[in-house]
Amino acid sequence: MAAPWEDVLRDTPAIREAAAVAVDAALLEGVLMRTEGEPNASDVVNFAPFTLLPSVVPQALFEQAYAVQQDFNLLVDAISQNKEFLERTLASTIKVDDFTARLFRIHMQVLEEGLAQSVFLGINRSDYMFDCGVDGTTALKQIEINTIAASFGGLTSRTVPVHQRVLKVLGKFKEASKLLPNNPSKGLALGIAKAWELYGSPSAVVMFLVEKVQRNIFDQRCVENELWNRNIRVIRRRFRDVFEKGSLGEGRRLYMDGQEVAVVYYREGYVPKNYDQQNWEARLLLERSRAVKCPDIATQLAGTKKVQQELSRPGTLESLLPGRAEAVARIRATFTGLYSLDMGAEGDKIAAMAIADPDRFVLKPQREGGGNNLYGEELRQVLEKIRDSPERTSYILMDKIKPQPALNYLLRAHSPLQVSECISELGIFGVYVRQDKGMVMNRAAGHLLRTKAVEHADGGVAAGVAVLDTPYVV
């Protein structure tokens, strides 16, 4: 699908001028990241990487992605409440994947003790690509759903005016006016604020649980500022702080430095390197508390790749969402082929199929954060090595989605300006709040478009591969 600015892609002087304007506009609008050299200091910052031009997104697929988001919110929430489903689905994975196993053990420990938490907040992002069939038709296909630390809701709120400026500089005023407004940070903050309100302690704070290296702090500050604008106090702490200064009071209320915490919003804790023994103990303390965790550990487990694969089995969605046939149909329409590598005849057959034709598939471990998936020759080598070992059950296999590439310029600090063949990935943010068994809020909260050069198989913006983009819906 051709973009209405293909005429300027080869106009080098116009592109150079537009790129200079774009970088200044990004700095002006706050599309910012800290530098690699000073990842924890804001006295030297640069623009977050982004595309020079918006990327074309088919309207029907864009609307389909939004329409199914509330269904995915309900599904994630249903999985998080279904102890038997999680236990059964993750049984093989937790034998070989220590990270998932430790999360699962905390989940079971907290359930045995009895949940102190009665308000539940989910912030997730469902990611898709536009699969191009042999006949040229495109279909929306889900890559994954992120249920912990789903990022870039803040910075993507600020890229629309940048792209509007670029299009105007290129003389595309009509096209500039067609870019859709988008403010996920406001939607995410609405969910956090509702959870804070239902917690019922006006003096309690919202705690952002953050990583040691905080290059992407401005993305988080966008959400944080929305909360301050509602007079909700926000503190930023690390696992280490929780271990050293966190405590549980009466009714398992969580206290940090003497302040009661109503909501814990995780922007860390999604990969094994986020944990040492102290951090695992801090995570257990948080999970045992009455505070609203976003996500609680069951919701984090609901986002594992093994759960994603299990959902594609016939009858699974129906059992998790009884009486919701239309929601099930909308969800299932986004699935691509997903295959189990569990030990046994079925897994043997799937492994052999992937080794014979590795370019058809993606091999996915139970990890978030981008840069973990295996493709092509690397996929074949890894599977050949583990095909007869239970280690293979720590992965799932997925059909490779094949989007139609388009030309664009990817703007990065200190990088040359050159045209690239690119593919895009659309994420829809979802927010829900449940109190006991009643759903209080369920909404789509905005979108994120990320684009990367075709030579990069895997990786997001934080991983240094993809860049921020704005959809031009046609």
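Just so it is clear, glycine is given a Cβ too, placed from its N, Cα and C backbone atoms.
Feature list (source: TrEMBL):
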BINDING   ARG125, 148-151, 214-216, GLN220, 267-270, ARG450, 461-462  substrate binding site
BINDING   GLU144, LYS305, 364-373, TYR375, 398-401, GLU425, LYS452, ASP458  ATP binding site
BINDING   GLU144, ASN146, GLU368  Mg(2+) binding site
DOMAIN    204-302  domain 'Glutathione synthase substrate-binding'
When pLDDT is averaged across the domain 'Glutathione synthase substrate-binding' (204-302), the result is 97
Those binding-site residues from GLN220, TYR270, VAL461 that fall inside 10 A of GLU368 (ATP binding site) by CA distance are TYR270
With ALA149 (substrate binding site) as reference and a Cα-Cα limit of 10 Å, the qualifying binding-site residues from PRO365, TYR375, LYS400, LYS452 are none
VAL461 (substrate binding site) sits from TYR375 (ATP binding site) (Cα to Cα, rounded, in Å) at a distance of 19
For the binding-site residues SER151, GLN220, the largest set of other C-beta atoms within 10 Å encircles the C-beta of GLN220
With ASN146 (Mg(2+) binding site) as reference and a Cα-Cα limit of 10 Å, the qualifying binding-site residues from ARG125, ARG215, PRO365, LYS400, LYS452, VAL461 are ARG125
Using DSSP three-state counts, the residues of the domain 'Glutathione synthase substrate-binding' (204-302) come to 43 helix, 26 strand, 30 coil
CB neighbours within 10 A of LYS452 (ATP binding site), counting all protein chains shown, number 24
